[in-house]
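Novice: Quick paste from Swiss-Prot:
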TRANSMEM  1-21  transmembrane segment
TRANSMEM  40-60  transmembrane segment
TRANSMEM  89-109  transmembrane segment
TRANSMEM  112-132  transmembrane segment
TRANSMEM  153-173  transmembrane segment
TRANSMEM  196-216  transmembrane segment
TRANSMEM  228-248  transmembrane segment
TRANSMEM  258-278  transmembrane segment
Amino acid sequence: MNLFQAIILGIIQGLTEFLPISSSAHLRIVPALMGWGDPGAAFTAIIQIGTLAAVLIYFAKDIVSISGAVISGLVKGKPLGTDEARTGWMIAVGTIPIVVFGLTFKHEIETVLRSLYIVSASMIGLALVLVVAEKHTANRARDGRRGKSINELSWTDAIIIGLAQAMALIPGSSRSGVTITGGLFRNLDRETAARFSFLLSLPSVFAAGMLELYQTRQEIMSSTHNMLNLAVATIAAFIFGYLSIAFLLNYLKRHTTGIFIAYRLILGIGLIVMIGTGHLLP
């Protein structure tokens, strides 16, 4: 991988991490189309630290408030004493499924599940599920029922959205896509579903990035070229990730996820056609 490729992949990671179109799919598809080769699951996990930093900075006020409330609640012996503390523990509970599945199926995630057949099926599959979720949201709104706020989430909501997040381990599904979809099914409004999705991503993205960084440390340190590529890609992911968060939260205040559904369907079907005609290797 050269520096130009690293920059492009970092930009792609940042732009697609928070949109419900799957960053892992695009980091698999673009190199395949350009003839660059698969950058690998480890590269993807490490540059996600850049998008993690984007979430930390964008939601700094919320994160400080939630973390402070959790610590204060533990000190006072009232761990669920405030809405912020309760949200913090819900994020922790919602993180458990992806940790369990991620460690259990780590080998499969890094090998067979990166097939473009899997990616295309995931792109199309989640698009169809998201259609149903949007229909559910429209029915709720038509009945005059408002969406839940983050403070109104139940433990069942947190577990179900957490289980949905575990599906993001399959390339093409999209972390934000599956968690926003789960949130819509649990009667969150679109913006709240996206906000909780981003906060929920923090523990798992940090853990995955640190694990891959530790496991590949010798390979990274063996070459300043590798270090530079990772650093540049991570910085690009941070910049464009921050912009992507701001865009999506503002967009979902007034729009449905319809444009992303259409994009996923077109890309998924296009992949199948290109693979079937021999223009792209799976």
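Cβ coordinates are placed from backbone N, Cα and C, and glycine is handled just like the others.
Please situate the listed features within the shown structure.
Specialist: Taking Cβ pairs closer than 8 Å, the transmembrane segment (1-21) reaches residues 27, 30-31, 34, 36, 39, 43-44, 47-48, 50-51, 54, 123, 126, 130, 174-177, 180-181, 194, 198, 228-230, 232-245, 248, 257, 260, 263-264, 267 in its own chain, all 6 or more past its ends.
For the transmembrane segment (40-60), the residues of the chain that approach it from at least six positions outside its boundaries are 1, 9-10, 13-14, 17-18, 23-24, 27, 109-110, 114, 195, 198-199, 201-202, 205-206, 208-209, 211-213, 215-216, 230, 233-239, 241-242, 244-246, judged by C-beta separation under 8 angstroms.
For the transmembrane segment (89-109), the list of distant contacts is 41, 66, 70, 79-80, 153, 155, 157-159, 161-163, 165-166, 168-170, 199-200, 202-204, 207-208: same-chain residues at least six beyond its ends, Cβ to Cβ under 8 Å.
Counting only same-chain residues 6+ beyond the ends of the transmembrane segment (153-173), those with a CB under 8 A from a CB of the stretch are 22, 24-25, 28, 87, 90-91, 93-98, 100-102, 105, 109, 113-114, 118-123, 125-126, 179, 181-183, 185-186, 188, 196-197, 200-201, 204, 268.
Counting same-chain residues at least six beyond the ends of the transmembrane segment (196-216), those with a Cβ under 8 angstroms from any Cβ of the stretch are 18, 41-42, 45-46, 48-49, 51-52, 55-56, 58-59, 62-63, 66, 87, 91-92, 94-95, 98-99, 102, 150, 153, 161-162, 165, 175-176, 179-180, 183, 188, 245.
Remote same-chain partners of the transmembrane segment (228-248), defined as residues 6 or more beyond its termini with a Cβ less than 8 Å from a stretch Cβ, comprise 1-3, 5-7, 9-11, 13-19, 43, 46-51, 53-55, 57-58, 176, 194, 198, 220.
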